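Asks: As listed in Swiss-Prot for this protein:
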- 1-16: signal peptide (SIGNAL)
- CYS25-CYS51: disulfide bond (DISULFID)
- ASN26: N-linked glycosylation site (CARBOHYD)
- CYS37-CYS148: disulfide bond (DISULFID)
- CYS95-CYS105: disulfide bond (DISULFID)
- ASN114: N-linked glycosylation site (CARBOHYD)
- 119-123: region 'Interaction with lipopolysaccharide' (REGION)
- ASN150: N-linked glycosylation site (CARBOHYD)
Amino acid sequence: MFPFMLFSTLFSSIFTEPREKMWICNSSDASLWYNYCDDMKFPISVKVEPCVTIKGTKGKLHLYYIARRDIQKLYLNLHISIKSMTLPMRKEVICREYGGDYSFCGALKGETVNTTIPFSFQGIRFSPGQYHCVVEAISGNSEEMLFCLNFTIIHYSSLN
């Protein structure tokens, strides 16, 4: 009995389940999904229309979740890695202390955030490969984490 307990204690981390991946979409040249990179796993829905194509996409990002903190002074820490290269962390300010450009700036804890954000990266050329982007949403003077998501994009072809 003791060897079994010792074995299961020492090697339990090896046999744990990987974090669940949330599929977003597939396009002709890419697949996109995310998983949580924090332990809070607060339900967040992410949808992209149309699905991302690496040749250049202009579309809308739909984000739906219930705020677990007041959304004030919101910024995103972006950690991006491309193949084996990691880019310097980028900090994007989304909401300032007294408002911002987005309707969810100033939302209170428990309120539903249901927003659509336009995006475009036409003219940018991506090489085939796997891209990772960790998005940490930080809010308030105490810099509390709202959520952390780890996005993965796999670019299949070299059609760009």
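Each residue, glycine too, has its Cβ placed from N, Cα and C.
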Asks: When the Cα of CYS51 (disulfide bond) is compared with the Cα of each of the recorded positions CYS37, CYS95, ASN114, CYS148, which one is closest?
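Replies: Comparing Cα positions, the closest of these recorded positions turns out to be ASN114.
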Asks: Residues with Cβ closer than 8 Å to the Cβ of ASN150 (N-linked glycosylation site), same chain and 6+ apart in sequence?
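Replies: Residues satisfying the criterion: TYR34, ASN35, TYR36, CYS37, HIS132, CYS133, VAL134, VAL135.
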Asks: Cα-Cα, whole number of Å: CYS95 (disulfide bond) versus CYS148 (disulfide bond)?
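Replies: Distance (Cα to Cα, whole Å): 17 Å.
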Asks: Restricting to the chain of ASN114 (N-linked glycosylation site) and a gap of 6 or more, list residues whose Cβ falls under 8 Å of its Cβ, or answer none.
Replies: LEU63, TYR64
Asks: Over all shown protein chains, what is the count of other CB atoms within 10 A of the CB belonging to ASN26 (N-linked glycosylation site)?
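Replies: Result for ASN26 (N-linked glycosylation site): 14 other Cβ atoms within 10 Å.
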Asks: Expressed to the nearest Å, what is the distance separating CYS105 (disulfide bond) and CYS148 (disulfide bond) at their Cα atoms?
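Replies: The separation of the Cα atoms works out to 18 Å.
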Asks: For each of CYS25, CYS105, count the other CB atoms within 10 A of its CB; which of these disulfide-bonded residues has the top count?
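Replies: Most Cβ neighbours within 10 Å: CYS105.
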